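I have placed the structure first, in the form of structure tokens, so that the comments after it can refer back to it.
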Amino acid sequence: MDRCKHVGRLRLAQDHSILNPQKWCCLQCATTESAWACLKCSHVACGRYIEDHALKHFEETGHPLAMEVRDLYVFCYLCKDYVLNDNPEGDLKLLRSSLLAVRGQKQDLLARRGRTLRSTAAGEDVVPPQRTPQGQPQMLTALWYRRQRLLAKTLRLWFQKSSRGRAQLEQRRQEEALERKKEAARQRRREVKRRLLEELASAPPRKSARLLLHAPGPVAVRPATLATSRRLSAAALNPRRQPAVAPGVTGLRNLGNTCYMNSILQVLSHLQKFRECFLNLDPSTSEHLFPQATNGKAQLSGRPASSSAAELSVRSVRAQGCEPQGLCWSSGASISRSLELIQNKEPSSKHISLCHELHTLFRVMWSGKWALVSPFAMLHSVWSLIPAFRGYDQQDAQEFLCELLHKVQQELESEGSTRRILIPFSQRKLTKQVLKVVNTIFHGQLLSQVTCISCNYKSNTIEPFWDLSLEFPERYHCIEKGFVPLNQTECLLTEMLAKFTETEALEGRIYACDQCNSKRRKSNPKPLVLSEARKQLMIYRLPQVLRLHLKRFRWSGRNHREKIGVHVIFDQVLTMEPYCCRDMLSSLDKETFAYDLSAVVMHHGKGFGSGHYTAYCYNTEGGFWVHCNDSKLDVCSVEEVCKTQAYILFYTRRTVQGSAKLSEPHLQAQVHSSSKDERRTYTLP
């Protein structure tokens with residue numbers, strides 16, 4: 001509710017019990033879940049999804065306003081809605097600030113190597129309802145913080161109305177205007193410098209080609225110490241095999257809540273067909289497809305050269321106590337020197353291209369030379385082309401995957417249509433091949449069959465899909481006091497697929513059957529004959545890579561989602577035969593329906609608004625599974641993968657020669673095509 005009149009009468013006491021974390025429990029049942037504090041008195045009770053003691057307190061006392069102590073929501077029982085406004089004194093805002101100050105004393109437990117995981121309200125913030133002397137300092141801290149905010153607010157208003165305050169405000173405005181002018185001047189200087197560099201790079205070389213064939217002169221180096229010279233001489237006398245990184249075992253540094261992007265990029269790079277099509281795109285020869293900076297610094301050679309030092313900086317990190325031999329399995333932990341490649345914080349070309357960034361990143365990750373990459377250029381390209389993911393907020397990995405593939409598809413289609421004359425024939429052919437892989441690798445088709453109950457007439461519609469969003473059975477959505485029976489702590493993936501393809505009855509008479517209305521003329525003013533019907537979804541064409549998105553959320557209360565933390569049992573081999581239409585089963589070999597597990601994206605945490613994403617990927621080059629946790633990579637077994645709490649599953653079809661598509665004669669009748677959504681509709685008598 002935007003305006004609640006009961007908030008204007010709110011008067012908070014400075015020693016309210018909500019400021020003491022030890023009292024964040026129900027006074028009747030002592031539970032700490034969904035605790036609501038009355039804003040009229042010091043009473044604390046549980047919500048309606050626990051024992052409903054807060055509502056009973058309102059019925060007994062008539063106090064309408066209550067605040068949830070962790071989510072900081074305010075609810076009015078008289079208005080029967082959540083409150084969004086505040087009283088003129090701003091007490092609710094100050095109260096929320098005080099509670100955040102109390103909770104901020106325990107946030108150090110969540111800091112892990114420069115990355116803070118924002119846990120849910122039911123995380124480490126829960127304090128047992130014990131009366132110990134430790135709660136008194138926290139209450140005093142909250143009271144002091146609230147009084148300081150009130151005093152600062154009063155002094156700020158008084159100072160702004162004084163003559164000195166107005167003069168200071170005017171001076172600040174002048175400084176901001178001067179800073180804007182300086183920034184504009186700096187921007188103009190950068191633009192002039194960029195144009196000058198472009199002109200110098202495009203100018204013809206002054207030296208002849210004969211001079212370029214000579215070997216470069218000696219490079220000046222710093223004088224080495226005695227210990228360094230001894231190590232170099234020992235290495236020259238006893239040459240050893242240089243330490244190598246296994247191809248694909250390259251970590252991606254977390255640049256600030258970018259675990260969702262890192263996990264998806266690791267999965268896409270481990271899908272062999274998707275990876276190979278982007279590796280075949282060479283930016284140095286495909287100039288029109290990937291417009292480069294004219295200074296030539298965007299090219300990535302086999303080893304870092306001096307010309308690319310402005311774009312990529314190589315940092316040598318020495319691991320202590322490790323042997324200088326063997327492959328790097330977990331971001332350089334088993335070798336004496338691991339190389340970290342740090343991309344430039346701006347895209348490497350004037351024209352931002354996700355295809356170019358994917359090519360560069362995949363080439364580095366599968367070169368076997370880098371143990372860790374900081375994907376700054378990829379992140380800024382995503383920010384520029386997908387504004388919804390701009391910033392360092394927590395994001396959903398499934399939404400990012402869909403948006404990334406959509407933008408890559410749009411980019412390839414626009415390059416092939418708008419600049420067709422300028423692109424050579426070989427590059428146009430290469431672009432079409434990549435676009436075909438992007439469009440078809442996840443593309444499948446569903447058969448939507450609606451059966452009229454009155455005349456048993458069946459209408460079939462073919463719809464495209466790129467992933468299957470599977471819902472949990474109904475028993476996991478029914479919450480009774482937050483308790484889940486022990487026999488429902490696990491769910492089968494096959495059960496979720498069966499629920500997706502089961503027959504459901506449409507509510508009421510809402511279906512206009514073509515057979516029942518066939519004798520009715522179009523000019524007839526009488527309404528259409530509506531009847532009851534059944535609907536079923538079946539797989540009509542299987543994709544090369546099957547994406548299964550597990551919808552791990554349920555609604556608990558009003559406008560509140562929570563995660564379903566049930567373990568889903570999935571196998572390494574998945575057979576899709578039971579979920580396809582019957583005509584497909586008779587026309588194809590059984591091996592066509594077999595899928596092998598390729599990757600798993602896992603979400604750690606109790607809610608989708610916070611947590612952490614990691615990925616389990618199968619390395620096709622080495623034949624092993626690897627757990628990709630940002631910059632840390634560990635080899636694991638398939639048994640460990642199957643025990644994870646999966647969020648997105650990727651299965652690759654074993655045989656791709658046969659087309660898992662139903663032939664046209666099996667569905668005879670009328671065919672309707674739609675250019676808008678590319679759907680085909682078949683009707684059967």
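In case you wondered, yes, glycine gets a Cβ from its N, Cα and C as well.
Of the residues proposed, H16, H63, the one Swiss-Prot records at the same Zn(2+) 3 site as C38, C41, H57 is H63. With C26, C29, C46 listed by Swiss-Prot as binding Zn(2+) 2, the candidate from H6, H53 annotated for that site turns out to be H53. Those residues of the chain, other than C26, C29, C46, H53, with a C-beta within 8 angstroms of the mean position of the Zn(2+) 2 site C-beta atoms are C25, L27, Q28, A30, T31, A35, A45, I50, E51, D52, A54. With all protein chains in the displayed structure included, the most crowded Cβ environment within 10 Å among the binding-site residues C29, C38 is that of C38. Nearest neighbour of H6 (Zn(2+) 1 binding site) by Cα distance, taken over the recorded positions C46, H53, H57, C259: H57. H53 (Zn(2+) 2 binding site) sits 40 Å from C259 (active site, nucleophile), taking the CA atoms of both as reference points. Summary: among the recorded positions (C4, C46, C76, C259), the fewest other C-beta atoms within 10 A of the C-beta are counted at C76. With C259 (active site, nucleophile) as the anchor, the candidate binding-site residues are C41, C46, H57, H63, and the one with the nearest CA is C46. Residues of the zinc finger (2-99) grouped by DSSP class, helix first, strand second and coil last, total 27 helix, 16 strand, 55 coil. Shown in sequence order, L39, K40, H43, F58, T61, A66 are the same-chain residues outside C38, C41, H57, H63 whose Cβ sits within 8 Å of the Cβ centre of the Zn(2+) 3 site.
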